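Please read the structure below before turning to the comments.
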2 protein chains.
Amino acid sequence: MSEALKPGARIGILGGGQLGRMLSVAAARLGFATHIYEPGANPPAGQVADRVTTAGYDDAEALAEFAASVDVITYEFENIPTEALDILEAHRPIRPGREALRVSQDRLTEKSFLRDLGLMTAPFADVTDLASLEAAIARNGTPAILKTRRFGYDGKGQVRLKTPEDAPAALADMAGAPAILEGFVDFTHEVSVIAARGLDGQVACFDPGENVHRDGILHTTTVPARLSAAQRTDAVLLAARILNALDYVGVMGVELFVTPAGLIVNEIAPRVHNSGHWTQNGCAVDQFEQHIRAVAGWPLGDGQRHADVVMENLIGADMDRVPELARERDLALHLYGKAEVKPGRKMGHVNRIQRNG
Amino acid sequence: MSEALKPGARIGILGGGQLGRMLSVAAARLGFATHIYEPGANPPAGQVADRVTTAGYDDAEALAEFAASVDVITYEFENIPTEALDILEAHRPIRPGREALRVSQDRLTEKSFLRDLGLMTAPFADVTDLASLEAAIARNGTPAILKTRRFGYDGKGQVRLKTPEDAPAALADMAGAPAILEGFVDFTHEVSVIAARGLDGQVACFDPGENVHRDGILHTTTVPARLSAAQRTDAVLLAARILNALDYVGVMGVELFVTPAGLIVNEIAPRVHNSGHWTQNGCAVDQFEQHIRAVAGWPLGDGQRHADVVMENLIGADMDRVPELARERDLALHLYGKAEVKPGRKMGHVNRIQRNG
């Protein structure tokens, strides 16, 4: 732990949502103080952070002051403007590093990176105009999904094409944004691997979780996932290959489609991930602490779980169920302190601990 | 949950040490914002709280403002001046209530209360001068311990008397403070019950933990404790009797000596307790969340554990062991963010999760 931050050091977190909030709590548990940088007022993470800076990513002065006040910088989301990163990096290390952000900020770059690593992805093609879209459809067929290359999350910025005739309308929906056409993958279920890599190159993976989505948003993650021993090994090796290729430091979420032909990488997120929330009640070191350990140069937890867990997201009006959930045995509530309930908004999650016997 | 606070409500916590810090994190997990009141600058709890007021317990204006800003008030320590409580209570409910504080702030009142409930305690006697001390020694013998009636913790304010001849020197050590002489109890080991009572009178106990002290400070708590089924039942019934008698709302730590003649109550603490820290990694709802649930009028967790745990305190220079502890498997680190390491100072704790098989 020669390069390791000592308790008392300060960790800067870009983004004040629920992920920043849970990172902040994990950092505190290791004796670190956190400083949140967030453009929006009253961010959920601010309630459990030592300091909060409310400023935009175009505020060079605020960014520089923030960077100078901390020992290392990390983030809860990948769409941080390059110019902001340039300013921050002049002062303090950013972990995970720039390469991970560059790759994951753009679906086309990400898919190309994964393919070049020898990993399987959905068929994909760059779409710049109607001609390139029609050529992609001719090659990969329909149904297919047209997605913006950047700034998509939770199913936003996506249009499904049922037939080739849907092409013009789908392209219009992109409103001129660079896009990528992805072919459909015939998968039995989706799993994700929450993988971590330390400053010393050590890699540790949590047990894969099985994900179920509703309306394009993660609904539940169940651990253990339905996977054969061979698939489990494949999932871990594949995740390690991605982390090593990026010289990655921190936690990454790797979403995988399980198919008869093998595991297909759906997408990667260079941060703690919703499908890793189960680790809070299943592991001695959860994904949030694992991430903080990595960016602080500490040894990683080994990722082994001591309990099976089913995580369920609380979205929008699910908040009305809190009184009833609070009565449920072996259930751990995790609410995000968001002032306003909105449809589709992630308000919290619960972890149901599966008691053996 | 008709009287229950809703997520978004504010919980005021008197005291900004590690207990306030872990209460604050637990409150955040339920969607509450916390406001810490603490005379000392830069309290550990402040790093994970929404608001901090730095002011003394004699600052009537600050107390009133604090109280008005929150929905309910709780505390991490029992020695809150009565005048401060009067001001606070004029604005908002204080939970646990005044009666619990009155009883536990004074060793003589506490022991008398327990005896009047029909519970066993160490032999004790009020000491106001040398004559009453000598009379107490004549009645209960030596060895014995002379303790200040108020403001003692972690072995402070205590003198051991080996023989009757130690009386004058021991009394001088009290420096005129009201005192109590406690006889020695011949016990095999000490256990504690972390008990909780909700606003509706519901009682829930965590499994008793077995405590080992070093230099008058808690060293380890091991769960499960060595107790027979009958002793376990006794411990829970006894704790419930105390909570019900006080119409208590919140978590209480009840320390018990295990003797061949039965369980003897050593002392009670009207708050979350060091010997309950193991619950953070053994239970879906830990003692901190249990306390917050009680004071917020929520249903309690059932207290059942899903893992065996050994908690070890990190005192003073134990902080040097953190790099090594961070490498240990199945170990959860909990550091308190205290800037300065001092001998005898509680800096953190670890929970070792006992994997079955």
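From the backbone N, Cα and C atoms, a Cβ is placed for every residue, glycine too.
Whatever TrEMBL says is automated annotation, not expert-curated.
As given in TrEMBL:
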- A:Arg107, A:Lys147, A:152-158, A:182-185, A:Glu190, A:His213, A:266-267: ATP binding site (BINDING)
- A:111-296: domain 'ATP-grasp' (DOMAIN)
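Distribution of TrEMBL features across the structure.
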{"residue": "A:Arg107", "record": "ATP binding site", "CB count, 10 Å": "21"}
{"residue": "A:Lys156", "record": "ATP binding site", "CB count, 10 Å": "11"}
{"residue": "A:Glu182", "record": "ATP binding site", "CB count, 10 Å": "21"}
{"residue": "A:Val185", "record": "ATP binding site", "CB count, 10 Å": "16"}
{"residue": "A:Asn266", "record": "ATP binding site", "CB count, 10 Å": "19"}
Tell me, by DSSP, whether A:Arg107 (ATP binding site) is helix, strand or coil?
helix
Taking every residue in the domain 'ATP-grasp' (A:111-296), what is their average pLDDT?
95
